[in-house]
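Feature list (source: TrEMBL):
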type	residues	note
ACT_SITE	GLU1217	active site, proton acceptor
BINDING	CYS46, CYS51, CYS54, CYS76	[2Fe-2S] cluster 1 binding site
BINDING	CYS116, CYS119, CYS151, CYS153	[2Fe-2S] cluster 2 binding site
BINDING	LYS401	FAD binding site
BINDING	GLN748, PHE779, ARG891, ALA1045	Mo-molybdopterin binding site
DOMAIN	5-94	domain '2Fe-2S ferredoxin-type'
DOMAIN	211-393	domain 'FAD-binding PCMH-type'
Amino acid sequence: MQKAKSVRFVLHNQNHTVTPSDVAPETTLLEYLRDYEHMKGTKYMCLEGGCGACVVSVTTKHPVTKRTITFAVNSCLVSVYSCEGWHIQTVDGIGNNQIGYHPVQKVLAEFNGTQCGFCSPGMVMNMYALYESNNNLTMKEVETSFGGNMCRCTGYRPILTAFKSLAKDADKEILGEYPDIEDLNVCDTANCQRICQTMCKRKSVSTALHLSSSNSKWFKVFSINEIFDVLKANPNKSYQLVAGNTARGVYHDFNGHPKLYIDITSVKNLLVDVVTADNLMVGANKSLTEAMELFQNTAETNGFDYLAKLADHIKLVAHVPVRNIGTLAGNLSIKHERNEFPSDIFLIFETVGAKMTIVNANKTEKVRDLLSYLTLDMKNKVIKNFILPKLSKSYKYQSYKIMPRAQNAHAMVNAGFLLKLDEHEVVQSIRIVYGGINSSFVHATKAEKYLVGKSIFDNNTLQGAFKALDEELQPDDALPEPSPLFRKKLAIALFYKFVLSITPSNKVSPENKSGGQLLQRPVSTGVQDFQTNQSLYPLTEAIPKLEALGQTSGEIEYISDLPNSVDQLFACFVTAKAPANYTIANIDTSEALKEDGVISFFGAKDILGPNSFVPSNTNYPEGFIPPGLHLVPEEVFCSGTVKYYFQPVGIIVAKTQELAERAADLVKVTYNPSTKKPLLTVREVLAANDPNRVSEEASMKATSKGNDVKHIIKGRYDMTPQYHYHMETQICCVIPNEGNLDIYPGTQWMDIIQTSVASILKIKENRINIKVKRVGGAFGAKITRNAQVACAAALAAHKLQKPVKMRLSFTANMDVVGKRYQTASDYEVGLNDKGEIQYLNDKFYFDYATGGNEPIIAFCIPAISSSYKHDTWDITGYYTNTDNAPGVWMRAPGHANVVAMSETIMEHIALEMGKPALEIRLANMSQNENKKLIQFINELRQTSDYDNRLKAAEEFNKTNRWMKKGLSLVPMTFPFVYVGGLNSIVAIYAGDGSVAVSHGGIEIGQGINTKVAQVCAYALKIPLNMVSVKASNNLVSPNNTLTGASLTSECVCYATLKACEILTARMKPVKDKMKNPTWEELVKECQKEYVELVATYMYSPNEPPQAYDIYGVCITEVEVDILTGIHQITRVDILEDTGTSMSPLIDIGQVEGAFIIGLGLWTTEKIVLDKEGRLLTNRTWNYKIPCALDIPIDFRVRFPKNNPNSVGVLNSKTTGEPALCLACSIPCAIRQAVASARSAADPKASKWYPFSGPSDVENTFLNSLNDCKQYTL
């Protein structure tokens, strides 16, 4: 067999060779693509296989079958050394402007499936690989294959619609038929008779690798004997058997830095499977994807039908790219090393009684059970295969995995049950296996022993089993995992669900029967209903984003894609690993600075001016800071007393990003402790009764009080923080240039970057040059927060006079940057018998934490009551100062908090009084002041068939104890005001008449550039393709306000319109002298007559557009599995008032995307801190935004027709934020469903339970009042 000293693979049909002298084994494929080949399409983001931004496609020969196979992988997990023999395609290579776009790229763009675009390359490559591997895809297969691709902007619906249009069973009437589907050029590689790609031409050669770098060695082997030969030749050296390497996505330090890497992906005897008379032997190194396929096929063999359920369970493990390379043995190895890991493979194999064959260094094979494997010393041993038994029809098998979202999440609790019954339904044997209880718990042995010999379908037997489970299940308290109480109760409920699932129909009551079922999700659908006006085109035309194809091809450039200079440096924060109130005693950088390539450390003492990234001269818009409030200095680096855990104390500067991050961990900061305990929640602050931490910001006083008080209801409402989850983390690049600084920040506000950098460096603002083309998502996190990163990078660049790029890792981004304001409210409401509010007293609190430079209470108070009569409402808003990172604006800041607060009160009233929630809402509306809103409510009520669906849900709940449905109709009045100034400059080029625009807004995914281009083309009466929108910069748009609060698109569109009007007026005298000139002729003539063909205009609040209200109504229907706490959103109908939409597809995307962020806020996204304030949910592993299968199954969005906004810009209304407020209909609907379960569990209990953070699985389950004493047949 050949032995090679280099790794060879094909990238975009070009041969590549990697040698240890150039690239280390620890280098990932992602690093190779970006840092060595300088390809910008594949993105950095989480670096743990949790976001999908780095997905690429791989084609290779299967080691055993020799079939050509194509699959998606996370390039951030794969070592470039593992790519031996691969043919790799990235988004850069499959299509672009030069060679033409691939149909997958085109379809995503044309279906408006991009916004910020940072996730788009990964989406494209996941679909590309999926289609290359299977040209017979169904819509269901497409929809379930994107669990590993996160998108924060779009809400997934247009992405799924786009890709489902390529499926064989696509509904052409609904999805449309993609015209270039024949261009997909899918090759039936199993029976390929033509020469196509380089991969097909290459002869398959088994090449062993033996590569040596300075710190480690890499071997590729083809037999088990070769594994042991390598180990024998390198005794006592640490080693890693490399297959998928996906464990690093779970535990970053899983393998440390071994001296030997042994690639075992081509070891044939670890991949073969054999069906015998008694069992199935499965190669241990089989990928999870291959195992699923094997199990599905073998399930047709008598005695192995249970394998289909094993395959179904494996579908819930991670996501497609991880399953493509992650292996059975690899998953078990994680469990072996970290017993607390809730391995699904271990669970299902242990449940069915699987065995494993282990080979030792003496080539001796031994069959072991999985339990003994957990404590076995595996040094110099290899798992060869797994042995799964045949099971007769007398066996009943089922397994469950309960996750915080539908896909790509580890189990909170997983469970497997295998029961053998005799002909009298008496238990002969039973295996009860749980994961997620504690690190040592596997079998519920007490319950197993109790059940043997008993009739399982007997209520007394069940109660005895529940008692045994209650005694032996002792979950540990292991934050950020769910509470021990929940996990114990859930584990018991799963056993009950299993029993219900196998109980004969004649032995289970009809109302309990559905409890044995799981929620079934069909393929999702969507409806987008809007109006356009062809006479105004391209204004009001439904077009995709102008940048869409550039985003789906990876051609457009983000800040991290800027080319690195020869002397490029990189920076990383050193953060305080200490609670608030500790003081820094010493910062020891000696170990870090010893590292070769580490340049310097900068801290607070190195700052030349004031140590604040929000300087006193920050140009906030007039009125932005309410009366009585003032700017709060926020330190770039901690100067002494730690204000919050993970506060930056300085930066390390090094020659690579990876080195800077590694060196930052070597900096040793010592602290003087404090006896002052950190206060981390609003409730803790209120309990402390410290007047210095609670301040009133604004209020709305009642002008009257009703005198018909028959009912008094008191309640509370709590909302936890939410992380922005912008796909491009905080980033800035600073380049010294002739005494100036060229800054490329990932910001929503250029001006604060200019003022803050100038302030900390004590230089003039005119020496700061800022340019922003686009930002990969922001949602408010980059208004003021990016200034801290920019100041840090600028300090290093200024001091060292070298370019410095600073990109926060996903974890650092979560640790350092604040979140959406946590909120608390205490209210008391007096009512008459009709549910009309006689008085309402509400004190609510927003936590500005250690900040306060993004105040919002005064702005959002009107939103609390604007949908209702409020003369009897007395509302006071306070801000608190906890010891957390400063609270930050996040999409619909404040408004989302308070709209949910008022709707909570309405829901609470309804359930306490036993009246329909809509009846309560309408009873408290004014027929005059809320006329438009009532009109929209009635309209949606009719078009959605709300009343009949509500009755159907009520009937369903009467006949189903453990499955419940809930509907909620939530109205919204979103007050919108204009603030700040924004520029636009329009330039016409005489050579061909083309037009360029630059404006003061920032393209963050909201489609601002597309709207500006449409307005410009409309105003100048030219084709849209004549308009180009250039990067924003602080020369063209100085002193401009922030991009956010939904106002920027309208303001820059107005400024663009006025600039165009100036140009049109200048050109008119020339045009009047000509006879029907073409645009190009007119422009040329104007140039000859020295007409100035460039105009600028600044929008200000003094312009004619006036404040207005945005109305919206949302009806959400959910189904809740009471025995698990899992829900699914079966249907959402949104009617949102958009006036005359300037760009309907853009606005639809904004509404859908905002709503899904709200879905995450209210159902899956839970921030967990330890008692010191350390963030525990700071990874994709434990912080879960919604994924593709969490969105509504039936998602309908409609814009009212013939509904111009006479006081808005071009009759439009804003769309970026309001729909997020409507998402509170989801937890309201969940409460309607759970109310039925609470009544059944305890008729004396209140049907209502308060909002206390997201209505996640745990919250829903525990508030359903489940009691195992009620678990009967």
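Each residue, glycine too, has its Cβ placed from N, Cα and C.
The separation of CYS151 ([2Fe-2S] cluster 2 binding site) from CYS54 ([2Fe-2S] cluster 1 binding site), Cα to Cα, is 13 Å. Per-residue pLDDT, averaged across the domain '2Fe-2S ferredoxin-type' (5-94), gives 95. Using Cα positions, the member of the binding-site residues CYS51, CYS116, CYS119 nearest to ALA1045 (Mo-molybdopterin binding site) is identified as CYS116. Taking the C-alpha atom of GLN748 (Mo-molybdopterin binding site) as reference, the shortest distance to any of the binding-site residues CYS46, CYS119, CYS153 belongs to CYS153. Calculated from their C-alpha atoms, the gap between GLU1217 (active site, proton acceptor) and PHE779 (Mo-molybdopterin binding site) amounts to 10 Å. Neighbour count (other Cβ atoms within 10 Å of the Cβ, all protein chains): 26 for GLU1217 (active site, proton acceptor). The binding-site residues examined here are LYS401, ARG891; by Cβ neighbour count within 10 Å, the least packed of them is LYS401. In the domain '2Fe-2S ferredoxin-type' (5-94), helix, strand and coil residues by DSSP number 16 helix, 29 strand, 45 coil. The shortest Cα-Cα distance between CYS116 ([2Fe-2S] cluster 2 binding site) and any of the binding-site residues CYS46, LYS401, PHE779, ARG891 is the one to PHE779. Across the binding-site residues listed here (CYS116, CYS151), the residue whose Cβ sits among the most other Cβ atoms within 10 Å is CYS151. Ranking the binding-site residues CYS51, LYS401, PHE779 by Cα distance from CYS153 ([2Fe-2S] cluster 2 binding site) puts PHE779 first. The Cβ of CYS153 ([2Fe-2S] cluster 2 binding site) has 30 other Cβ atoms within 10 Å, all protein chains considered.
Checking the binding-site residues (CYS51, CYS76, LYS401, ARG891) against CYS119 ([2Fe-2S] cluster 2 binding site) with a 10 Å Cα-Cα cut-off leaves CYS51. Taking a C-beta cut-off of under 8 angstroms and a sequence separation of 6 or more, CYS76 ([2Fe-2S] cluster 1 binding site) has the following same-chain neighbours: THR28, LEU29, LEU30, TYR44, CYS46, LEU47, GLU48, GLY49, CYS54. Other than CYS46, CYS51, CYS54, CYS76, the residues of this chain whose Cβ falls within 8 Å of the Cβ centroid of the [2Fe-2S] cluster 1 site are, in sequence order, LEU30, LYS43, TYR44, MET45, LEU47, GLU48, GLY49, GLY50, GLY52, ALA53, ASN74, GLY122, PHE810, THR1180. Ranking the binding-site residues CYS51, CYS151, PHE779 by the distance of their Cα atoms from the Cα of LYS401 (FAD binding site) places CYS51 first. Take the binding-site residues CYS46, CYS51, CYS54, CYS119, ALA1045: by the count of other Cβ atoms within 10 Å of each Cβ, the lowest one is CYS46.
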